[in-house]
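The structure appears below as structure tokens.
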Amino acid sequence: MLLGKTINDDLYEELEELLIQSDIGMNMTMQLVEELESSVSRKKLKTSEQIYDELKELLKAKLIYNDEENTKLKLKDGKLNILLVVGVNGVGKTTSIGKIAKKLKDSGKKVIIGAGDTFRAAAIEQVEEWGKRTGVEVVKQAHGSDPAAVIFDTVKTAKNRGFDVAILDTAGRLHNKRDLMKELEKINKIIREQSGETDFETLLVIDSTTGQNGLEQARIFNEIVDLTGIILTKFDGTAKGGIIFPITSELKKPIKFIGVGEGIEDLREFDKKEFVEAMFD
Ligand SMILES: Nc1nc2c(ncn2[C@@H]2O[C@H](COP(=O)(O)OP(=O)(O)O)[C@@H](O)[C@H]2O)c(=O)[nH]1
Ligand SMILES: [Mg+2]
């Protein structure tokens with residue numbers, strides 16, 4: 001189909017709307033539309049299909065920190081690997097930990113989980129539930145105990161008993177940035193001291209249904225801890241998820257996993273081509 005100028009304008013409006021709806025944010029939407037207009041004229045693109053395809057290419061090009069070698073978890077053989085999982089309450093930290101534990105266990109790794117969210121009573125039971133479901137050992141203490149002590153126990157146990165991966169859950173209270181910072185600094189110090197590692201995965205969980213707020217959360221956590229990647233949850237049943245574009249660009253960190261449901265198998269490794277296609281479904 002050949003497009004006239006008016007159809008073109010409508011198409012741009014439609015695409016702009018789609019990008020904004022997907023939570024990609026105003027700045028990046030404007031930038032993309034501008035880039036698109038210039039490639040359309042430079043490449044003399046005519047059909048709406050060509051223009052959609054070009055937009056997909058531009059979107060993929062924005063995901064420069066998300067090549068396969070970056071999006072894969074960095075796990076080394078013959079030593080303990082730490083995955084510290086952070087993020088605000090309710091985003092899906094514990095659920096993602098359960099799913100990751102299952103994936104790693106299935107791939108033959110010896111996995112242990114530390115129930116570091118001691119703040120909510122139900123949080124510890126929830127981790128234990130995931131432990132049972134995945135057949136993975138859980139280290140816990142009583143509700144209200146010091147999260148750093150749980151992390152200490154977990155890393156020590158993991159180290160002594162030759163585990164391959166320790167996944168550490170945390171509480172995500174964000175009402176007080178200073179407290180959160182202090183708590184995470186303490187946890188970081190304990191991990192470094194107990195594991196002897198300075199280079200470990202710190203994964204920030206972002207709920208794709210929270211929209212632009214996700215970018216703000218990412219900024220705050222990125223100031224507090226040395227993030228190595230993002231897990232985007234609740235990508236099921238929503239066309240959104242565009243928030244990863246400003247997050248990954250601004251933080252210069254890869255997306256490691258996408259949560260696509262509440263079930264144990266509902267976690268995908270991030271694939272930028274697949275993700276961009278899913279945005280247009
Ligand atoms: N639909 C959907 N629900 C999810 C996903 N990940 C987590 N949840 C749900 O979100 C809620 C909060 O998850 P939880 O792991 O407890 O969050 P946490 O407070 O960060 O540990 C639970 O009801 C989960 O089942 C996902 O990818 N898709
Ligand atoms: Mg939790």
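Yeah, the Cβs are placed from backbone N, Cα and C, and that goes for glycine too.
Automatic prediction, not curation, is the source of TrEMBL annotations.
Secondary structure from DSSP puts LYS93 (GTP binding site) in a helix. What TrEMBL lists as GTP binding site is 87-94, 169-173, 233-236.
Along the domain 'SRP54-type proteins GTP-binding' (254-267), the predicted structure has mean pLDDT 97. As annotated by TrEMBL, domain 'SRP54-type proteins GTP-binding' applies to 254-267.
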Long-range Cβ neighbours of the domain 'SRP54-type proteins GTP-binding' (254-267) (under 8 Å; 6 or more residues past either end): 63, 65-66, 70-73, 92, 95-96, 98-100, 102-103, 133-134, 201, 203, 229-236, 241, 244, 248, 275
Contacting binding-site residues for ligand 2, chosen from GLY87, LYS93, THR170, ARG173 when the Cβ sits under 6 angstroms of any of its atoms: LYS93
Candidate with the highest Cβ count within 10 Å, taken from the binding-site residues GLY87, GLY90: GLY87
Neighbouring C-beta atoms (10 Å sphere around the C-beta of THR170 (GTP binding site)): 29
